[in-house]
Every structure is written in C-alpha cells, then in structure tokens.
C-alpha cells in the first residue's frame, strides 16, 4: 500500500472538526521553584500540564508535553531558571519536531509569571520557523513516511499555516489560588500546610523577597496583601479556576479552527 489513510473523523472532536488533529497543545511552567511547604517545586508546570492535557482531551487536539526550560526576572530569586533564549530554542525544536506529524498550529499554555516575556517573542519565533522549515528524509524509509503524512495532512510543509499562540495564567505565588488548584489536582499536602506561611517561606506571595518587591510594584502590592490575609485552601475554588483556564484555552482551539 503506497498510502495509509487515517480515520481523522473518529473519536471525540470539538465541533466534529477533524482539522483539530493539526493543533497541538504544549504546557509551559517551571520545574525548579520553591512553593512553600505544601506545594511541590514543580507546581507551575504541573498546573500547566493538567490544563493542557484536559484541553487536548476535551477538544481532540494533540497534547505535545512540556517545555523543560523556564525563565525568570533577575530580581526574583526563588528557584533555578534558564534564559529566554533557552526557552525559544527549545520551543523551536518542539514545534519543528511535531510539525513532522502534521501539526501546524500550536497553543502554549503557560502558568509561570517569569515566562511572560516569551509572548513578546512568539511572532518572531513563528516567522523564523516559517522561513526555516525543512522536510527531513533522505532514506527510502523516511521518504515513505513523509508521503503517508502528506496524504493525511494536506497542509504538511505549508509554512504559512504554522501558527503559534500562547495563553498565560498567573496567580500569587504559592498563595490561595495555587494552593486551591493544587488540592484539586492532587499536588497539595495538607499535613504540611501548618508551616506554609510567608514567615517560614519568604517566596509565598514574594513577601520575603525584598529585591523583587523593590523592583516590581505589583509584586509589592500582592505581598502586602499576603502579609495581612492568611492563605485559604478551597477545593471548590480550585475546580472553578481550572475550569476557567480550560475553557479559556479551548477558545484558542476554536480560533485556530476558524483560520483558513
């Protein structure tokens, strides 16, 4: 058989649109960042992954995994981070890799505030990939694979169709919202909550990070609130936040499907 036909209409697909198979969802956060005592160091990426996977399950889009790297502003010192260039380089590799299976639209779900500057570089990254897209395949086996992909995904190799969007969600660091989401998705440890205070762990609300508070008035404002209002863990609230994130992300999938 020269070509193999995939049943693109099978299974649960948003609006019963098989073009959703050309959309990939990527989670971006931070793997190495302190979040007090009741949340793990990889809270951000776990939240982003949970949202991204549920968006993929709900719509039929492809879940493409996570971005390993993360960046942060120099004045915020609560973890181990990479440069903005490191993230863009990794994103380029991920996008090029998955474009080989017919994906040409990519939604990045970011749950780490330090990655905010990535959004400023998305259009530039998109143009770079469009201008440098190359089909791999030198052996007969590789060329046969490409032929089968092209048969099922007619836009394969059409660089003008490559489209990247980023949706960011931000909450006060290791405070009520993240704790409530953490409880809902199973990463919060209730037995460690009694020590989860900014007095014990300065990164909570950035209360104990003077350089961050001095350099960013929004961080300082949030820190003052955290100092005066103790964190509250509410699983129902966490569920509401997750539902909101998933639904807002799904709208991006719908926007992708409307593109010609």
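Every residue gets a Cβ built from N, Cα and C, even glycine.
In Swiss-Prot, the Fe cation 1 site is described by 33, 44, and among 21, 81, 112 the residue recorded at this site is 112. Surrounding the centroid of the Cβ atoms of 33, 44, 112, where the record places Fe cation 1, the chain contributes additional residues within 8 Å, namely 29, 30, 31, 42, 43, 45, 70, 79, 111, 113, 114, 115. A coil conformation is recorded for residue 112 (Fe cation 1 binding site) in the three-state DSSP classification, outside any helix or strand. Of all the Cβ atoms in the protein chains shown, 27 others lie within 10 Å of the Cβ of residue 112 (Fe cation 1 binding site). Residue 112 (Fe cation 1 binding site) sits 12 Å from residue 35 (Fe cation 2 binding site), taking the Cα positions as reference. The Cβ of residue 35 (Fe cation 2 binding site) has 41, 43, 173, 174, 178, 203, 204 as same-chain neighbours under 8 Å, each 6 or more residues away in sequence.
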